[in-house]
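Participant: Before anything else, here's the structure in question.
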C-alpha cells in the first residue's frame, strides 16, 4: 500500500510538472543554463528537479557567446590591428565573430574557455543519447525519431571535436582549412536542434518559427563562406556586399544563446532522466568490480589487487594492447616535441 501511495504521489508530481512546463514560455532561461550545469543553482521545477540535456546544449551556446565576447575584448585591447586587416575581412568585406580568436593574445584564453564549451557540448550529446534510449525502452518514441536523435548526438560530438581545429589552423595558414570545421559544426548543430524539436512533443509554434529562421541561415552561411573565398581568389572581388553576409553571420551567432528559449521537456523526458539519475547513483568507483565481473558487491574485496584482477583478464588483452600502443605513440610524440625545442 505504501508503495502504491508513493507511485500515486510521484505521478501527481509529474502531472504538476507537465502542467508547469506547458504553461511556461520557456523551460530554460538564457544565462541560467551555465549556472545550472556548474551546480551553482538547482534545476528548475519544470525540469523535474534533474538537469536535462537541453540545459547542457543551452549552456554550450551561451559559453560560446561568452567566449567570443572575451576574445574580442582582448583582441581590441592588445591587438587591434587584426580587426583592420585579416584574410577573412579581405575576402568577406567584414570581420566575422571568429576573427577575435584567430590571433594572440586572445587565442590562449579562448582555448581555455573552449575546453569548458567542449565538455558541456559532449555532456549534452551523451545525456541526450541516454535519454533517447530510456524513451525508446518505455515505448515513448518511434524508431525513426530514436535513430535520428542518437545519430545526431554522435555527429554533434564528432563535429565539436573537429571544430577544435580552428585553434590550430589559423586564417593566415589556410583560410579554407580554418573555416571548413566551423561550417561542419554549423550544419551538425542545426541537425541536433532539429532532431530534438522533432523528438519532443512539447515543441511550440515559437520553436518552429525559430527553426524557420535558423534553418536557412545554417545552410546558406557555410556556402557563403566557402564560395566567397573561391570568388575572391578568382576575381579579387567580393561575391556579395559585405552587409549581406554580416547580417546572416551575426544572426546565426545570435541563435546560439536564443536556442534555449525553444527547447522544452515533457513528462517522458522527466521520467527518463529520473531513471538515469537513480541508476547513476550506484555508479561509484567502489562498485566497479561488481559491474565488471557481474557479481554482487558483497562478494568482492575492494583493494587494488582485486580491481586489477578484474581488469586484466584474457579477453581484455586485445584492448589492453591497443590502448598501450596509443599511449606509446602519444608519449613518443611528446618526447619528439621536447627534444626539438
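Positions of Cβ are set from backbone N, Cα and C atoms, glycine also.
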Participant: From the ranges 28-48, 175-195, pick the one that TrEMBL records as transmembrane segment.
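Facilitator: In TrEMBL, the transmembrane segment feature sits at 175-195.
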Participant: Same chain only, please: residues at least 6 beyond the ends of the transmembrane segment (319-339) with a C-beta under 8 Å from a C-beta of the stretch. Say none if there are none.
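Facilitator: Residues packing against the transmembrane segment (319-339) from afar: 312.
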Participant: For the transmembrane segment (238-265), find every same-chain residue at least 6 residues outside the stretch whose CB is under 8 Å from a CB in it, and list them.
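Facilitator: Sequence-distant neighbours of the transmembrane segment (238-265): 21, 25-31, 33, 46-48, 52, 54, 57-58, 61-62, 64-65, 68, 91-94, 96-97, 186, 193, 196-197, 200, 202-204, 206-207, 210-211, 213-214, 217-218, 220-221, 224, 227-228, 231-232.
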Participant: Cβ under 8 Å to the transmembrane segment (146-169), counting only same-chain residues 6 or more beyond its ends: which ones?
Facilitator: 98, 101, 107, 110-111, 114, 117-118, 121-122, 124-126, 128-129, 132-133, 135-136, 177-178, 181-182, 184-185, 187-189, 191-192, 194-196, 198-199
